[in-house]
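Colleague: Provided herewith is a single structure, encoded as structure tokens, for subsequent inquiry.
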């Protein structure tokens, strides 16, 4: 796979510390051929890493990979302002805006361009088709137009502009200077600088950047799609102008690995178009790969001109890797045992809270299926997360978590694991890892059974959304608080999980709250719960 098409994109999310996105090769496949087009060599119009380094084989077109410099102070007519220096510049740059779009080709007076010694290009700029050319940039000082000098690379790009590879300056204060543009030129009529694939045109008396009509390219590697790995969807963005150059016109059809997941490309800013894929294991035939640290979603975006494929198909393979946490692990599970609750907070919108059962202390491996079957010594991990809403302001608090022998959350037989936001201190197997500190809460408990021939255990948690700006969210627990009266529970804010049964027991015979005639004969060693004990805590 040519490294030219590799691109890493970071996406800062409230609920993820890091999102790693990898865009694989975009390949055009002609009818009857399944092999992607490979780049066998790189010409003079591509910039590659230094020979002998790991980046030696990484090449790209600087006309499509540069930093915009919209800095009016670089104008050769500017004789005011503080004295700046470009010593720390490194990479490919394009000058835009009122200050000018090209470096000066003649010696510039000292103390112009907001610097002491202005730098100018000694020679003429290359023409389109010349590729990347080597030039000398000179700095005017002490009566010498080339008192300091350094090498720069320049390339002429489609669209009538140049890009420059600048690696600092020989001294300070030196700065690269540009010739201000003529305000009457067409380029100045567009508020934003047009990209190489665009031209500045007037449509209905309004100037803007539109796709060039003369684009005709067979180089699929110039497409360079962009990838945005979001919390709920993956977005692939493609340059609309370059699609047109590859023969894919306005009515292009897009579909993922599941042909039923098809749609017309959505229009983005600056002549880009996009298609989204949900971050779900079973959606649109996503391929889900999972290791110890990440869940990786893969799919392929196919672009064609018609449902009847006669010409070119453009396939874009993409993947997003998400660090595993509670939320990502639930998305990656096909059938997690999970409970959801919509909660409205006056003046702050609607929130979604989810609670699930996990198999380990990392809370990244949820139980799946219809029920959980555990051995005697098993520890059950319970995690809850505030998924939707203002998680920067509201913290999730588990006020009361309790077990019942039936699925009825109002069952009189209750064993409290958490009461009044504090853990049951009489049960040494209960560990509350987090409660009220963030948008997540989690606790663990060794499993048990109820006396009285009940086969099943159900878990229930009453939640509270705590406004961290106006409330003390983290519980302050003491033994006197733990022994307080039985709390009043708001059943409208209770999440339910279960049933849970002991491994080796008969199939659950109770789903409606009626005890099975074939109940457990021996209580699990953790605790033997009776109706009386349920109310003692």
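Using N, Cα and C of the backbone, Cβ positions are placed for all residues, glycine too.
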Colleague: Pick from 491-499, 500-508, 509-517: which stretch is listed in Swiss-Prot under region 'External hydrophobic patch (EHP)'?
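Modeller: Checking Swiss-Prot against the ranges 491-499, 500-508, 509-517, the region 'External hydrophobic patch (EHP)' one is 491-499.
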Colleague: Per Swiss-Prot, which of 346-357, 526-537 is region 'Internal hydrophobic patch (IHP)'?
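Modeller: It is 346-357 that Swiss-Prot describes as region 'Internal hydrophobic patch (IHP)'.
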Colleague: Can you tell me the mean pLDDT for the region 'D10C' (61-81)?
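Modeller: A mean pLDDT of 88 is what the predicted model shows over the region 'D10C' (61-81).
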Colleague: Rounded to a whole angstrom, what is the C-alpha distance between residue 216 (N-linked glycosylation site) and residue 260 (N-linked glycosylation site)?
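Modeller: Cα-Cα, rounded: 31 Å.
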Colleague: Rank the glycosylation sites 88, 134, 204 by how many other Cβ atoms lie within 10 Å of each Cβ and give me the one with the fewest.
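Modeller: Taking 88, 134, 204 as the glycosylation sites, the minimal 10 Å Cβ count falls on 204.
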Colleague: Nearest of the glycosylation sites to residue 122 (N-linked glycosylation site) by CA-CA distance, picking from 134, 204, 260, 291?
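Modeller: Ranked by Cα distance from residue 122 (N-linked glycosylation site), first place goes to 134.
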Colleague: Rank the glycosylation sites 122, 342, 362 by how many other Cβ atoms lie within 10 Å of each Cβ and give me the one with the fewest.
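Modeller: Least crowded of the glycosylation sites 122, 342, 362, by Cβ count within 10 Å, is 342.
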